[in-house]
Amino acid sequence: MSKIKKILSREILDSRGYPTIETEVHLKTGYFGYSSVPSGASTGSKEALELRDNDKNRFFGKGVKKAVNYVNTEIFQALKNKNAEEQKELDNLMIKLDGTKNKSRFGANAILSVSLSLAKAIALEKNIPFYSYISEINYSKNNFSIPLPMINIINGGMHANNNIDLQEFMIQPIGAKSILQAVQMGSEIFHMLGIILKEKGYSTCVGDEGGYAPNLKSNEEALSMISLAVERSNYKLNEDITFAIDCASSELFNKKTRRYRLKNENKEYNSIEFTHYLEKLTKKYPIRSIEDGQDESDWKGFQYQTKILGKKIQLVGDDLFVTNKKFLEYGIKKKAANSILIKLNQIGTLTETLETIKKAQENKYNVIISHRSGETEDTSIADLAVGTNAGQIKTGSMCRSDRTSKYNRLIKIEESLNTQKKTFKKKLNLFN
């Protein structure tokens, strides 16, 4: 039995320079796993709570000493001498101890840091990669796939201090035959875009997720420049590269007027009009994936958008579903969206994350494993994408080590799988 000997948590810094939590779980066998937890900027209102200290005299209130203390005391005492292999039971025990609907007592950040570290400790003890152990506890042993990346190359919205309304402009290298080639394609296009921005007199500073963050005239100008970067990199639109956008529509939505405002373009749209605004973009540019194309509370808007675009475009629910199986089940019933973004810290445990992924896959919803805008060097999401056979991953741009660390981990996983000659699929297509 792999008994828990010690749990040790601490404050570290995330990619924005604010505190987050890192936790080690030590087993009596001498093995230990550790993980750190990311933080979002544009967060869904239904997400599990990220516990902050709110002490304005320290880190502007963003400290996580309370979360660290809960892990080092109450959570450790509850898990001490327990079998770390009982992932589901221990995750459920932490949820029960927390005693709230949204993990607001301990904080989802505290609980998740322990949940991931438990699994990593057992993977090390078993001498298997983390993705293999994820596959094992997900009851899909050795059913691996290397995910198609969504590579963020222009940041806007809450992820950058610029005037672009839509939050993320991404490319997907659908013509790649491996993650190594996908990364090469992404890197070449990213750097070519930087050259084009300089030629046009725009800034090449980057945003939270490593994409360029210039002030542009419109959302369409961003798409136009990315198209040019693809062509000048000697790749073909639709054949080698398609586009993906994250609207983060809840940040554009006025709940009083129930209209979406694009400040940079000085335009407003109701729910139906905004769907047709996006539809127009998909006809002009090779956009094959739209995330959060409506406000998180606008289920009817999502239903209409799915009816209009859902047969040809990947419509991703992020704030809509917040990695919560309950909201996903409702969306499936209402035929809202056709894909789900998975963020570990939106729900707060590995067990609940795996349950949501399985529910999505059973109902033929595409799954995209995702980072957050405030990241760490932790590469858990790369293993999660491979181990659950998710098919896609969204982990930022081709710069900033908090983003490239995930791509580098995927390269190593692919190399390992090739060396072991294991049977696995490279899901480098948008739809299964």
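Just so it is clear, glycine is given a Cβ too, placed from its N, Cα and C backbone atoms.
Features as listed in Swiss-Prot:
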BINDING   Gln167, Lys343, Arg372, Ser373, Lys394  (2R)-2-phosphoglycerate binding site
ACT_SITE  Glu209  active site, proton donor
BINDING   Asp246, Glu291, Asp318  Mg(2+) binding site
ACT_SITE  Lys343  active site, proton acceptor
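The structure, with features from Swiss-Prot marked on it.
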residue: Gln167; record: (2R)-2-phosphoglycerate binding site; Cβ within 10 Å: 29
residue: Glu209; record: active site, proton donor; Cβ within 10 Å: 31
residue: Asp246; record: Mg(2+) binding site; Cβ within 10 Å: 28
residue: Glu291; record: Mg(2+) binding site; Cβ within 10 Å: 28
residue: Asp318; record: Mg(2+) binding site; Cβ within 10 Å: 29
residue: Lys343; record: (2R)-2-phosphoglycerate binding site; Cβ within 10 Å: 23
residue: Arg372; record: (2R)-2-phosphoglycerate binding site; Cβ within 10 Å: 27
residue: Ser373; record: (2R)-2-phosphoglycerate binding site; Cβ within 10 Å: 26
residue: Lys394; record: (2R)-2-phosphoglycerate binding site; Cβ within 10 Å: 29
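Within 10 Å of Ser373 ((2R)-2-phosphoglycerate binding site), judged by CA to CA distance, lies none of the binding-site residues Asp246, Glu291, Asp318. When the recorded positions Glu209, Asp246, Asp318 are compared by Cα distance to Arg372 ((2R)-2-phosphoglycerate binding site), the shortest distance belongs to Glu209. Calculated from their C-alpha atoms, the gap between Lys343 ((2R)-2-phosphoglycerate binding site) and Asp246 (Mg(2+) binding site) amounts to 15 Å.
Calculated from their C-alpha atoms, the gap between Lys394 ((2R)-2-phosphoglycerate binding site) and Glu209 (active site, proton donor) amounts to 10 Å. The CA atom of Gln167 ((2R)-2-phosphoglycerate binding site) is located 6 Å away from the CA atom of Asp246 (Mg(2+) binding site). In this structure, the C-alpha atom of Glu291 (Mg(2+) binding site) lies 16 angstrom from that of Glu209 (active site, proton donor). The Mg(2+) site is set by Asp246, Glu291, Asp318; from the centre of their CB atoms, other residues of the chain with a CB within 8 Å are Gln167, Glu168, Cys247, Ala248, Ile290, Asp292, Val316, Asp319, Leu341.
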